[in-house]
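For reference, the structure is listed below as structure tokens.
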Amino acid sequence: MKVPRTQAEPAQAAPTPAAPTSAASASAAPTPGTAAPAAPARAFRGRTVRAVGGLSVRVDVRAFTVVVLLLVAALAASVVLIGTGDFPISAGDVLKTLFGTGSASQEFIVEQLRLPRVLVGLLVGAALGVGGALFQTISRNPLGSPDVLGLGQGSTAGALVMIVLFSGSPEQVTVGALVGGLVTGLAIYLLAWKRGVHGYRLVLVGIGVSAIVTAVNGYLITKADLVDATRAIVWMTGSLNGRDWEQVWPLLWLCAVLVPLVLGNARALRMLEMGDDVAYALGVRVERTRLLLMVAAVLLTASATAAAGPVGFVALTAPQLARRLTRSPGPNLVPSMCMGATLLVVADWASQKVFGADQVPVGVVTGVLGGVYLLWLLVTERKAGRI
Amino acid sequence: MLVDSPTEPSAETAPAPPRRRAVRAAGLVLSLAVLVLVALASIAVGAKELSLEQVWHGLFQDSGTYGDVVVGERLSRTVLGLLVGAALGLAGAVLQALTRNPLADPGLLGINAGASAAVVTAITFFGVTSLNGYVWFAFAGAAVVGVLVFLLGGSRGATPVRLALAGTAISAALYGYLQAVMITDEAALGTMRFWTVGSLASATSDIIWQVLPFLVAGTVLALALARPLNAMAMGDDTARALGAHLNRTRALSMAAATVLCGAATAACGPIVFVGLMVPHVVRSFTGPDLRWILPYATVLSPVLLLGADVVGRMVARPAELQVGIVTAILGGPVFIFLVRRRRTAQL
């Protein structure tokens, strides 16, 4: 396998979109393996914060700023989104209501109807962002996001079985989607396992599984009657309509457990990007880390998909966008998470603003936005000569 | 990052020893024989059981009996399957070589999305209802998106990654549009849910004649690109040093792939898996030399497509399963098995 070795050389990795900064630095210093030491101006960006007692943390100032800005954007978009709908509420009133001083009717609308929906949007976006970043890093392919590897398809299959064969209730559809996603994730891992899971094999097995499940989904849709088929298509597009507190709590608990777990392994993940051999030599337990992170990514993606449907392209674009903003190599987990949440909430707001309340599911907008963003990226990066 | 891993040039710079070449040629002949068998099976077997005499009668003494009509329909279906299968496999092999990405298929460069979006537009906004009407829309959609991807991918300096990203981007936007239309227009959903699966069932000689010139031209062009693409597999700098015209080869490869996939998708809907899988299978026994990969892909892809079509007709009698579904359900496990069995030949 050639991939790990070419991976370790920044000069080789340079033209891929996953490593735009190493492209820039590598063009300045073309010698392989010298990206960090050969660019002293860049190394400055990391500030080391020393606390009492000898503890120190390295803080990437730019990444930190990006995270803060994204969080502010996500919160602002959330407030605007809560105020948007058939019964518009001004941003000031929304804030007042959230802090418990609004009128009774506003309180009902905000706290029972719109706040849970926005929270589901934030959590789903965050989970997809982290899941996407994890998968893209583990598979070492910028296109290796959960939707490409068949997880979204697996969840869809579970949901379609419930919709088409059993005409199930929304709760049953959610459970079906969760089971479908987890089973698919497990199947991909087991099928890709052969004395360890290699990134390349993982991607190829993922597409194989994805193709099979997609065919099953297509079959189920051709067999459904038109009402069920419409329901299935809306679910497959990904929608936040009518989400309430029942979806918020499980997602919140899951994120509260998994996100710290993932962040705790971020350093090992960064080593894994250099290839299995190098990572092993640097003291990473390659296979165990990969299994742990994959399980976390599958759980995050599957539960996000169960809650909102396979919202397209968030998992694919959020990590790429985050990487562009932070200009930092590596998995960029926290920025991806914030970016995913921001993207989804903004897309939901845009869909309500442009098409009217609850007319077009959010997945349509994320698809179009994702596409337009990638195009913009292509044009600008081409001008900058980066890819 | 699979996207841009350069190939090790060792295997292809040295000419293959004569014996290995003979083995490969014999294998190609054998594959052709298998293809003929599968094509015959595709004519003889179907939802309606016919005796061999009836099939013979229908093929050579067509007198308009019920059996003759059935055989006639199966014949056009088989011909279309042969053409489309070859086109998809060939296009997949060219695209994987061009983008140096094992995930490359007509879907990746947005060709399926373009065709689907054009068909849904034709149904919803132009009121087209016949399959003959879709063909041109699908083809135009595929062609427009193909050109667009190439231009956005940076026509003159198109790199593999840029092409893949441009294709993904355009697909994303077009699928958003497609889903929005399907959600709001039930009639479009009613048709599209069958079209997007991919089927040979509606093959007629009209459709075959419409797409035939494009498929033939695309096939010839793609087969002629084997040598320059071989050179480009070694990386841009080496290829340039070897005298390959990078931009010309890229433009021609994109053109060939677009024409092939566009015509195939127009004729029977997006059948994704053939173009993705067959080149991987072929590469596992030919190695990275495109002069062998391309002919093998041309012959073996229709074997997969027609074989899947025959199976689809047999398992659900008197109804049938669409070929797109059967291809993936049969081909998927084989693909995974191959990926697991050996160190897959890298691009």
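Each residue, glycine too, has its Cβ placed from N, Cα and C.
Predicted automatically and left uncurated, TrEMBL annotations should be read as such.
Computed from a predicted structure; not experimentally measured.
Annotation source TrEMBL lists transmembrane segment at B:25-47 (among others).
Within the chain, the transmembrane segment (B:75-95) has long-range Cβ neighbours (under 8 A, six or more residues past its boundaries) at 35, 39, 42-43, 59, 104-106, 108-109, 200-201, 203-205, 207-208, 211-212, 215, 218-219, 222-223, 225, 229, 253, 256-257, 260-261, 263-264, 267-268, 271, 274-279, 282, 290, 293-294, 297-306, 309, 323. Look at TrEMBL and you will find B:75-95 (among others) tagged as transmembrane segment.
Annotation comment: TrEMBL describes B:107-128 (among others) as transmembrane segment.
The annotation transmembrane segment is assigned in TrEMBL to B:134-152 (among others).
Taking Cβ pairs closer than 8 Å, the transmembrane segment (B:164-183) reaches residues 3, 99, 101, 103-104, 107-114, 116-117, 120-121, 124, 145, 148-150, 152-153, 189, 192 in its own chain, all 6 or more past its ends. What TrEMBL lists as transmembrane segment is B:164-183 (among others).
Residues or ranges marked as transmembrane segment in TrEMBL: B:207-230 (among others). Tertiary proximity for the transmembrane segment (B:207-230) is limited to same-chain residues at least six positions away from its ends with a CB under 8 Å from its CB atoms, namely 12, 76, 79-80, 83-84, 86-87, 90-91, 93-94, 97-98, 131-132, 135-136, 139, 244-245, 248-249, 252-253, 255-257, 259-260, 262-264, 266-267, 289-291, 293-295, 298.
Under the heading transmembrane segment, TrEMBL lists B:251-273 (among others). Within the same chain, residues 80, 83-84, 87-88, 90-91, 94-95, 97-98, 105-107, 109, 111-112, 114-116, 134-136, 138-139, 141-143, 146-147, 149-150, 155, 158, 163, 195-200, 202-203, 207-208, 210-211, 214-215, 217-219, 221-222, 225, 229, 305, 323-324, 327-328, 331-332, 335 sit at least 6 positions outside the transmembrane segment (B:251-273) and bring their C-beta atoms closer than 8 Å to a C-beta of that stretch.
A Cβ distance under 8 Å defines the sequence-distant neighbours of the transmembrane segment (B:319-339), meaning residues of its chain 6+ beyond its ends; these are 47, 81, 194, 197-201, 268-274, 277, 280-281, 284, 304-305, 307-309, 311-313. Taken from TrEMBL, the feature transmembrane segment covers B:319-339 (among others).
Remote same-chain partners of the transmembrane segment (B:134-152), defined as residues 6 or more beyond its termini with a Cβ less than 8 Å from a stretch Cβ, comprise 109-119, 121-123, 126, 128, 158, 163, 166-167, 169-170, 174, 195, 207, 210-211, 214, 250-251, 254-255, 257-259, 261-263, 265-267.
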